[in-house]
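Here the structure comes first, spelled out in structure tokens, and everything after it is commentary.
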Amino acid sequence: MLNKAMNIADYDPQLFKAIEDETRRQEEHIELIASENYTSPRVMEAQGSQLTNKYAEGYPGKRYYGGCEYVDVVETLAIERAKELFGATYANVQPHSGSQANSAVYMALLKPGDTVLGMNLAHGGHLTHGSPVNFSGKLYNIIPYGIDEAGKIDYVEMERLAVEHKPKMMIGGFSAFSGIVDWAKMREIADKIGAYLFVDMAHVAGLIAAGVYPNPVPHAHVVTSTTHKTLAGPRGGLILSAADDEDLYKKLNSAVFPGGQGGPLMHVIAGKAVAFKEALEPEFKTYQQQVVKNAKAMVEVFIERGYKIVSGGTDNHLMLVDLIGRDLTGKEADAALGSANITVNKNSVPNDPRSPFVTSGVRIGTPAITRRGFKEAEAKALTTWVCDILDDANNPAVIERVKGEVLALCAKYPVYA
């Protein structure tokens, strides 16, 4: 019999210390990585439940194991809430990650060797959109599109490439692009050549759910997302569609299970159900509106301080700071800011002369700081400190001063009060 009083602290102090150290790091560091966020205690409660014990291969009502009557309720709640949240007629909540959701779409719609039009990783795309080091770039013939000199998606060039190469699938979405994507224009191009339009909305799913960023679901044949990032749920994946195509839905379900996964993670699916319910609340829209306000406030300060922002601004939760021409690499900026308890990630920028391991850019996002309660005033003060360090990254006195400011602000705005 298992005793409910069992705990990690008494049994495994080494592991417990690592967990406690990470908890303290999150409380004492300002998180500016655009893909990170803080999930709610309700989501964590679901993930720590006895649902983790249950195998449930298959789908609600069609399982390969007995005893699934209650996990069927959990998964159905998640499915129906996801559909309501995004205006979809189909949802699959089983993918373990965004990358696995994307893999399932490739498997459902394509054959190895088929041509795919996807956003260049160096211009803001994602590994799974055709990077040569990823399965997508290894198994499929990838034609990359990118942004123009103004930092905007070049739809004229996209259409030219589509007409020339006739891809079977076009991919919309990004991991480092701060503008608005014209989903309707992409669908128009896809229809012109008879291609599928697949949108990976992982980065902006929360903004879309709240109505502060255009929804691709009415335009794309299929849409994927992560459930963390701006959605602020558990780490996981999601597939959606409003194509009203039962054959497509069956292909997508089969590509997830049994095509790419076995048993779903029912405790994570419960966490997704909670997060979708939270995202349907009015305060979630207020949160997402503030995410964008904070991002715009940060961009304003960066530009005032003489820093170049790719695309010239932001219309979502992120910005890409271009350090080309400065005596500072993305890797060095990442390390210097980290020393002051500000967490960012180095990132390639368009026409980057440096390797992806060094880079000439820094990607910054506002979902996590907004979740803590930061508004424009805090976002602007924080950006001033970031610029102070970028201006003088090798000055320990500047780093120590900023670290003190960061610790004081973190104490004022705890992640979990």
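Each residue, glycine too, has its Cβ placed from N, Cα and C.
Sequence annotations record features per position, and here Swiss-Prot assigns (6S)-5,6,7,8-tetrahydrofolate binding site to L121, G125, H126, L127, S355, P356, F357 based on sequence analysis. If you take the C-beta of H126 ((6S)-5,6,7,8-tetrahydrofolate binding site) and look for same-chain residues 6 or more apart in sequence within under 8 angstroms, you find N102, M119, G173, F174, S175, D200, A202.
All protein chains considered, the CB of H228 (site 'Plays an important role in substrate specificity') has 27 other CB atoms within 10 Å. The site 'Plays an important role in substrate specificity' annotation in Swiss-Prot covers H228 and rests on sequence analysis.
Proximity of K229 (N6-(pyridoxal phosphate)lysine) to non-local residues of its own chain (separation of 6 or more, Cβ distance below 8 Å) is seen for A34, S35, E36, N37, A202, H203, A205, G206, P367, given in sequence order. Residues or ranges marked as N6-(pyridoxal phosphate)lysine by Swiss-Prot: K229.
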Fewest neighbouring Cβ atoms within 10 Å: which of the binding-site residues L121, L127, F357?
F357
Round to a whole number and give the Cα-to-Cα distance in Å for the pair F357 ((6S)-5,6,7,8-tetrahydrofolate binding site) and H228 (site 'Plays an important role in substrate specificity').
25
Which one of these binding-site residues, G125, P356, has the sparsest Cβ neighbourhood, judged by other Cβ atoms within 10 angstroms?
P356
Between the two most separated Cα atoms in L121, G125, H126, L127, S355, P356, F357, the residues recorded as binding (6S)-5,6,7,8-tetrahydrofolate, what distance in Å do you get?
17
